[in-house]
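One structure is given below, encoded as structure tokens.
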Amino acid sequence: MTDISTGVQLKPGIGDGTVYNGNMSKDTLVNCSPDPENPEKGQASSPRTQISVDDNEESTTEYPSSWKLAMIMISLCLAVFCLALDTTIMATAIPKIADQFNSLNDVGWYGSAYLLTTSALTLSFGKLYSFYSIKWVYLQALGMFEIGSLICGATPNSLGLIIGRAIAGSGSAGIYSGSMLIVARSAPLERRPLLTGILGGLFGVASVVGPLIGGAFTDNLSWRWCFYINLPLGAVTGLFLILFFDGAKATTQRATIRDQLSQLDLLGSLCFLPAIICVLLALQWGGTTYPWHDGRIIALFTVFGVLLLAFAGVQWWRQEKATVPPRLIANRNVWGAALFSFCLNASFIIFTYYLPMWFQSIKGVTATQSGIMNLPMVLAVVIFSIISGGLVGALGYYTPFMVIAPLIAAIGAGLLSTLRMDSNNASWIGYQILYGVGVGCGLQQPIVAVQGSLAPADLPTGTVIVMFMQTIGGAIFMSVGQNVFQNQLMRNLATQAPSVDAARVLQAGATMLRKTVSSDLLPAALRAYNSAITEAFYVAVAMAVLALPGALVMQWISVKGRQL
């Protein structure tokens, strides 16, 4: 079969709606082609149905040697470490940055600029990875991230820092999903769960140690090193990939410039990018900077809704040339994995941000100590990401881990929501471990699922859809958690400690709470703070539970080539 738009020869099952298990036994595909007369076809309604065709692409694929794969994994680990570090390293540096630039009003934009561009551009990188060389698109994304980091480190003012964060976020949009695609091009399917588990575990570690490293740089060197650290690590990543990763040839090598622009779905991007920016700004400003009924918040949500409908219409119209082809969204493995990623990461991000806050405010520890006390959850996530990845490779099936992960995580999250001022060490350590086991078992399985059920030509788009949902889930529920916490804290202080200045408590933050409130009012203020944080934990419990439906719709496809 020939792709008319590019003139590139495609094998059966590649780009024709067939869902492909990249490491199935020879010549075996799962037929998920759309059938207009029976919508259930294309969803692989019978998980035992198999169709034999002549396709041995996986068996003829040449993967890098073991030592080359090791070098590639080192480079990807460094890139993912930098990426995760950049999301949290500023937490302890912001006070000194605000003091140096006299920019307290800009503090919110230091995180938002990075988050907005990352979320808005993630899907666009899916098209780039689909039609151009994965290696060179990835290196360009890495270059953008490095340029943004350099600007942040060298900037003389607050505006430069915001611009640098936006540029770095643009690059980060393609790094994590690109790392997963490089793994897919570098190892057979049965080895990918372990490798993606390593990357996912490292991401969790870097997210939590970020504030610790940021504090060390800020106190002993300069806050600028929070960004300069990315430069040598990124350089090593780029060098290793150039030397050891061959990459894939661009599928547009025979296409004209006009055809390439058509494939990039510029109209869809023009609808989607501002839509994401609108909803994230509305969630960040709503209930904090402006009340929810403010005209600006209502306008942002309205524009988001209109643009989202327009984007959906463009995707339906463009079909295979769309950023998100409807054929893939109709595939239950894709939308199930996307829903699972959205919900589980939404739950995880709330605990990543608010559990250290509980330690700092209720237990009265420093930011560094809170990071250490958060290690039980982090280590559990890392260890069980790797263990579950290894077990998937050995047993063949990822679906059982996707089913048990939200159940364990929901139990752990529920127990964490019971934390009180007098909770002992055994409680908060044990609850964290249980929750971390659940998250670790499930966090990377959606990537394995889409890579095990889609044709090679669909891997970039499928992977990026899942990564986008994971990113946007964290972005949205970071704001949701903040709103729940702040609104509940204001109500609690009004009823339990009415003489405490609530606005001053919010501005002081968790570490300064005990210095802001007088000793006679401190117990009541701490009770109000504890209740507000655990209210945010309830949101995390709900999202962990909501991840389960995404797991239940997944096919039982084996990465070892068997299907139940």
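Glycine is treated like the rest: Cβ placed from N, Cα and C.
Straight from Swiss-Prot, the features:
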CARBOHYD  ASN23  N-linked glycosylation site
REGION    26-59  region 'Disordered'
COMPBIAS  43-53  compositional bias 'Polar residues'
TRANSMEM  69-89  transmembrane segment
TRANSMEM  106-126  transmembrane segment
TRANSMEM  143-163  transmembrane segment
TRANSMEM  197-217  transmembrane segment
CARBOHYD  ASN220  N-linked glycosylation site
TRANSMEM  225-245  transmembrane segment
TRANSMEM  266-286  transmembrane segment
TRANSMEM  297-317  transmembrane segment
TRANSMEM  339-359  transmembrane segment
TRANSMEM  375-395  transmembrane segment
TRANSMEM  396-416  transmembrane segment
CARBOHYD  ASN425  N-linked glycosylation site
TRANSMEM  461-481  transmembrane segment
TRANSMEM  537-557  transmembrane segment
Cβ-Cβ under 8 Å with the transmembrane segment (197-217): same-chain residues at least 6 beyond its ends: 73, 76-77, 80-93, 176, 179-180, 183, 223, 225-226, 229, 352, 356, 367-368, 371-372, 374-375, 377-378, 381-383, 385-390, 439-440, 443-444
The transmembrane segment (266-286) and the transmembrane segment (225-245) contact flag, 3+ Cβ pairs under 8 angstroms: no
Considering the transmembrane segment (461-481), which listed stretch of 69-89, 225-245, 297-317, 339-359, 537-557 counts the most C-beta pairs under 8 Å: 339-359
Maximum Cβ pairs under 8 Å to the transmembrane segment (339-359) - stretch from the list 69-89, 106-126, 225-245, 297-317, 537-557: 537-557
Surrounding residues of the transmembrane segment (225-245) on its own chain - C-beta under 8 Å, 6+ positions past either end: 64, 68, 71-72, 74-76, 78-79, 81-82, 85-86, 89-90, 93, 135, 138-139, 142-143, 145-146, 149-150, 152-153, 164, 168, 182, 185-186, 213-214, 217-218
